[in-house]
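Asks: This is the structure I have questions about; it appears just below.
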Amino acid sequence: MRDLRAVGTKFYHVLYPKEKKALLKEWDLWGPLILCTFIAMMVQGTQEVDKQDGGPEFAQVFVIVWLGAAVVTMNTKLLGGTISFFQSVCVLGYCLLPSCLSLILCRLILIAHQNRILFLLRFIVTCIGFAWATFAAMVFLGDSQPSSRKSLAVYPIFLFYFIISWLIISHSNV
Amino acid sequence: MAHARPEIVRMQFMEIILFEARSLTSQTKSSIMYGEDLDQVPLLDNEEPLDFGEEDLPKGRLKHPVVTTFHLLFRTAALVVYEFCGIFSSSFIGPFIFIVVLLSLDFWTVKNITGRLMVGLRWWNYIDDEGQSHWVFEAKKGGLQGRVTKMEVRIFWVALVAFPVLWSIILLIAVVFSRFQWAIIVVIALTLTGSNLYGYVRCKLGKSDSISQSFKNMAAGLVQRQMVSNVTSMFTRAPPTATPSSTV
């Protein structure tokens, strides 16, 4: 269907951020919803029999992603950015994809018995995902910032993906 | 010979008038466009006579039964699952995902399909080449004949308005009883159903400057109608006849 194909195209453009039009012109929020749900499901806490399973971390991810994207967008707009609210939230949400991929890899690494080297590997994978996500977000959002304020606008995006990556690296129970 | 029923395959939409409005938070100009044909169509239009071409449809029959079912199905299912999932399992994540999926399906269905087919309204956003965002609210021009039934219109609006109200009550309950995890679901539900409601109300209200302005106009219209009916009833009431005094 048209919408599914649009989502798929945007995923592709996040991975190879060369062309900006696809994400910016036709924004949609389905991709961020899918990614957010996926990340939230994967970083659940431990399951205990008589408590509600993995509740806190699951809801936390949703709140962090959506509130975080909204706050970063407000910051961008207050700094004089020329992008609309939904476009910015769309970009930030779609750029979660590299972090999501690093989460999948970490999950695979966690299958093996853990030691220091594997932790280092997970750390590196998460860092790559984080850097890629921040870079992709800057490629898409960069033009809409006034040039004197670029670093002021980068910092919240950096912080946003940093926190998401922190959630990913600190998830270590199988 | 049957009525000359214009079987228009594609819906005819009016020319859109560009209405530039300054965006509230930044210097970007975002524009809001309205379908031109709406001259203050009242929100509750239960006074129109049966339209040409509809006479052969028995009253109360639905023109798009499948669409109507789907319009109601996902919203009701989401609400029902939310209320009753506690009986069947104590988990939070499963029902959360299920409800969010249902709400997303409902949002997509109502926005893209049922609004268009049941009441002839649609709304969307697009970004033009300069990067300006434009919100478009359209209503089908006068072609309500033979395309829209009163019953469907009523069902559409009732469902559209009732569910955000219900979800806000549930939000109050969730906050009062400190079920904050579940409150997240309710907030999501409220956002999705509320945004559909907002979009369609904007479509319906047409060229008004703002929603509060159009509510004022609507209230003024209702007051006017009430006054007119009072005055006419005053004139049409029979003059009080003098009762004969008791006989001596």
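Cβ atoms here come from the backbone N, Cα and C positions, even for glycine.
So TrEMBL lists these for the protein:
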| type | residues | note |
| --- | --- | --- |
| DOMAIN | A:23-167 | domain 'Yip1' |
| TRANSMEM | A:58-79 | transmembrane segment |
| TRANSMEM | A:91-111 | transmembrane segment |
| TRANSMEM | A:117-140 | transmembrane segment |
| TRANSMEM | A:152-169 | transmembrane segment |
Asks: Could you check whether the transmembrane segment (A:58-79) and the transmembrane segment (A:152-169) come into contact, where contact means at least 3 Cβ pairs under 8 Å with the two residues of each pair 6 or more apart in sequence?
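Replies: Yes, the transmembrane segment (A:58-79) contacts the transmembrane segment (A:152-169).
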Asks: Tell me the residue counts in helix, strand and coil for the domain 'Yip1' (A:23-167), as DSSP assigns them.
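Replies: Going through the domain 'Yip1' (A:23-167) residue by residue, I get 113 helix, 0 strand, 32 coil.
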Asks: Kindly state the mean pLDDT of the domain 'Yip1' (A:23-167) in the predicted structure.
Replies: 86
